[in-house]
Structures are given as C-alpha cells and as structure tokens.
C-alpha cells in the first residue's frame with residue numbers, strides 16, 4: 001500500500017521539477033493552519049485502518065476464497081504507482097480560483113465517501129440485484145465490492161498527494177515548520193489508526209446504527225458498515241474544516257503553461273512519468289542499495305498487513321469464515337492488536353532520532369528492527385502451534401463443534417507480537433524516506449524524483465505479494481503461515497543488507513532528514 005506523508009523539498013535544478021513548478025509562498029503559514037491540514041491524515045488513516053483490519057475477512061464472507069483475496073489488494077499499489085504521480089503533476093499546475101490542492105482534496109474526500117458506501121452496501125445491493133443468500137458465493141456483491149474498493153484506493157491516493165503538497169506549500173521552505181508539520185501529520189496518522197482499529201474491535205457498533213443489519217448483511221457486515229459511516233463523517237468533517245479555514249494562492253496560468261511546454265518538449269508523453277523513470281539513469285550506488293533494502297522490507301511487511309486479522313481469526317482462534325462466532329472474535333482481537341500496534345508506532349516515531357543515536361546510526365537501527373520484524377513474523381508459527389495444541393471445543397445445539405477462545409497466554413502472546421511490530425513499523429515509516437532525501441541531496445538529484453523512485457520499491461513488492469501470497473499459502477494448506485515465514489526470511493535479508501551494504505549518511509544531513517520522515521500504508 002502507499003506513503004501517507006513525505007516531506008517536499010526545494011531543489012536547485014535549472015529545470016523545474018514536474019512536481020514543483022511554482023516557488024512556495026514567501027512567508028510560512030501559522031502553525032495552527034498547518035495543524036488543521038495535517039489533521040486530514042486522521043480521517044484518511046481511519047479508513048486505511050478499517051481496510052487492513054476488516055476487509056480481508058469481509059471479502060471471504062462475500063464468497064471470495066482466501067487464495068484469491070490478496071488479488072483484490074493489487075489496486076492499492078497499482079493506484080499508488082499511477083494515480084499519485086498524475087494527481088501530483090496536475091495539482092502543481094491547477095489554476096482554479098480555489099487553489100492548486102484544495103479542489104483535489106475535496107474531490108478525493110467525496111470519492112472516498114462514495115466508495116465506502118458501495119463497499120458497505122455491497123451485500124445488500126448484490127442481494128437486490130439477484131444474489132442468492134443460500135449460496136456461499138455472491139457474484140454481484142463481489143463485483144460491487146471490487147468496484148467500490150478500487151474507487152476507494154484511487155480516491156485515497158488522489159487525496160493523499162495534494163494534502164502532503166499543501167502542507168509543504170504552507171511551510172514555504174521553513175525547516176522548523178516542516179519538521180513540525182511532519183510531526184503533526186504522523187501524530188494524526190496514529191490517531192486515525194487507533195480510532196479505526198478501536199472501532200473495528202468493537203462488536204456492538206451496529207447497535208448505534210440499527211438500520212445497518214439487514215437480511216443480506218449479518219452482524220459482522222453491519223459493524224463494517226457502521227465503522228465506515230464513522231470514517232466518512234470524520235474525513236468529511238476534517239476536510240471541510242481544513243478547506244474552509246486554509247486558503248491558497250492561485251497559480252499563474254501563464255507560468256504554468258510555459259513550464260508544461262518546457263517539460264513536454266524535454267520528455268515527451270507524460271512528463272510526470274518521463275521524469276520519474278528518467279531518474280533511474282542518474283541513481284548512484286547508495287540509492288540502488290536503499291531500493292533493494294526497501295523492496296525486501298516490504299516483501300516482509302505486506303503479507304502480515306494483508307492477513308493479520310485473518311491470522312487471528314483462523315489460526316489463533318480456530319474459526320472459519322461465516323461459521324460460528326470464533327472467526328469474528330479473532331478478527332476483533334486482531335483489530336485490538338492493531339490498535340496496540342498503532343500506540344507503539346506513535347510512541348516510537350517520536351523517538352526515532354534518539355534511537356538512531358543510541359545504536360550508532362540510522363542504517364544500523366533499520367537493520368536491528370528488521371531482525372526484530374523477522375523474529376516476530378517467525379513467532380507467529382509458535383503462537384499458532386500453541387493455539388492449536390491448547391484448543392478446546394464446545395458443542396452447539398446443532399451438533400456443530402465451536403472452538404472456544406484460546407487461553408489467555410496465547411492471546412497475550414499474539415497481542416504482544418502486534419505491539420512489538422509497532423517498533424519496526426515506525427522505522428519503516430521514517431528511515432527509508434530520510435535516507436532517500438539524504439542520498440538525493442548528496443548526489444544532486446531532485447528530492448521529488450528520488451522519493452518517487454523509492455515509491456516504486458514499495459509498491460512493486462506489494463503487487464508481487466498480492467499476486468503470489470494466496471496461491472503460495474494454498475500450496476501449503478491454505479493458511480497464512482507460509483507467507484509469514486517468507487516475510488521473516490525477507491526481513492532478515494533486509495536487515496543484513498542494511499547493516500553491511502547500506503552507506504552511512506553524513507551526520508549533518510542525517511539529523512535533518514530523519515526529522516523529515518514520512519509514513520505509508
């Protein structure tokens with residue numbers, strides 16, 4: 001999935017970058033305006049948290065097999081690779097009287113609301129159009145869900161880029177305010193995560209919206225609808241406040257056209273992609289190593305991000321999708337684990353620079369936490385085996401055996417893994433962007449292009465994992481552990497390469513860039 005924040009920097013290239021055609025305003029905006037814009041991250045991240053914690057079980061409830069569920073998540077990396085550069089390019093050149101970024105933020109927020117409605121009501125709409133509730137697979141509901149899900153990911157990517165760019169515009173090159181803006185953005189990301197995972201872990205939320213439970217939509221589905229209603233309300237409220245309170249200066253159309261003509265003549269086709277892929281020719285060895293380490297890092301992360309709550313429902317609680325209550329209990333416990341993960345993530349994010357100094361540098365810190373990631377992913381096998389060994393059943397009135405919740409020690413072990421994973425996740429959300437900024441500064445490359453290249457090292461592994469993780473798991477019995485084990489191996493390899501091959505950044509640049517880290521989902 002995509003970066004949620006990154007710091008924009010000016011560069012001294014003689015030709016304007018495709019992402020920076022206009023100089024920033026001469027004076028930085030007040031901090032209160034920066035905080036209001038940064039708060040949009042809470043609304044966006046609320047929705048992302050719900051996707052990660054609830055949607056994989058939901059697609060299986062609609063009848064999509066576990067083996068194929070991962071293919072649906074392809075839209076995240078694909079839309080991130082295509083939509084963000086296009087939207088960023090055109091938002092830089094927007095001459096609307098409402099400003100450059102605000103029209104895109106408004107359109108993205110509205111599209112998110114529409115997409116969430118389609119996802120939440122996929123089962124109801126599918127039933128209305130002819131799906132049989134007696135059949136396990138609901139093809140019309142699946143089609144509506146997939147359309148809504150793709151719209152949601154496109155809209156989220158359409159919203160994120162201009163929001164980050166607006167923050168950079170408001171900072172106007174003021175390094176202190178840029179650091180504060182990133183700190184606030186990360187803080188609101190953590191707030192959105194905690195709210196989203198807390199909502200996903202509460203099983204009685206549908207009682208607040210009693211109309212959500214219908215003939216085609218059971219309690220789990222009704223809770224999902226209710227969570228998304230809250231997500232829409234939060235995002236639209238925060239976006240409306242930000243767009244009303246924070247104004248932009250209109251870009252001169254004459255300068256925009258002149259800049260576009262210069263770029264079109266140089267690159268041909270679509271300048272945003274021409275500059276992005278052209279940057280590969282200028283990469284130095286440190287940047288190539290960073291891309292390799294980042295790629296392995298996301299091969300490790302993505303299987304767990306896809307199937308963490310499904311692992312809790314299947315392997316730890318022993319449940320089956322659509323049968324009994326064990327699976328739903330596990331999913332809610334997984335959402336609680338993700339909430340704890342977000343708390344640890346937020347606390348660790350505030351101390352990245354201190355941790356880096358304590359262990360001898362950012363590259364060594366990244367290597368150490370990648371080993372921690374590998375250990376945690378490998379420990380999922382131990383927790384699963386302990387859960388299976390201690391599992392007990394109760395006999396229901398229909399003679400069906402229902403798994404009882406796992407012992408407290410097993411549940412505590414699983415939740416401890418979720419919590420510990422917040423530490424490497426915080427580093428993953430900051431150090432790769434920091435190092436990309438450092439290496440591009442020392443080589444003379446543009447910041448925007450370097451971060452765009454780094455984004456490819458994030459989304460391409462996600463696409464690969466989305467395609468192969470389902471069939472790979474099916475090859476070994478259909479559970480989640482095979483993909484987690486591969487992730488553990490990739491995390492260990494990433495840690496080794498980070499410590500051995502990744503160059504140490506200059507201390508003066510490292511301190512500045514660490515503060516300018518970003519987050520993704």
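Glycine is treated like the rest: Cβ placed from N, Cα and C.
Unlike curated entries, TrEMBL annotations are predicted automatically.
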Open item on the list: Labelled transmembrane segment by TrEMBL, one stretch among 12-32, 180-200. Can you tell me which?
Closed with: 180-200
TODO: Out of 209-227, 228-246, let me know the one TrEMBL marks transmembrane segment.
DONE: 228-246
Open item on the list: Below 8 Å between Cβ atoms, which of the listed ranges 104-122, 335-356, 368-388, 408-436 makes the most pairs with the transmembrane segment (180-200)?
Closed with: 335-356
- [ ] Kindly say whether the transmembrane segment (228-246) and the transmembrane segment (408-436) touch, using the definition of 3 or more Cβ pairs under 8 Å where each pair is 6 or more positions apart.
- [x] no
Open item on the list: I'd like to know if the transmembrane segment (335-356) touches the transmembrane segment (368-388) in this structure, counting it as a touch only when three or more C-beta pairs sit under 8 Å and are separated by 6 or more positions.
Closed with: no
Open item on the list: Would you say the transmembrane segment (408-436) and the transmembrane segment (335-356) are touching, if the rule is that at least three C-beta pairs must lie under 8 angstroms and be 6 or more residues apart?
Closed with: yes
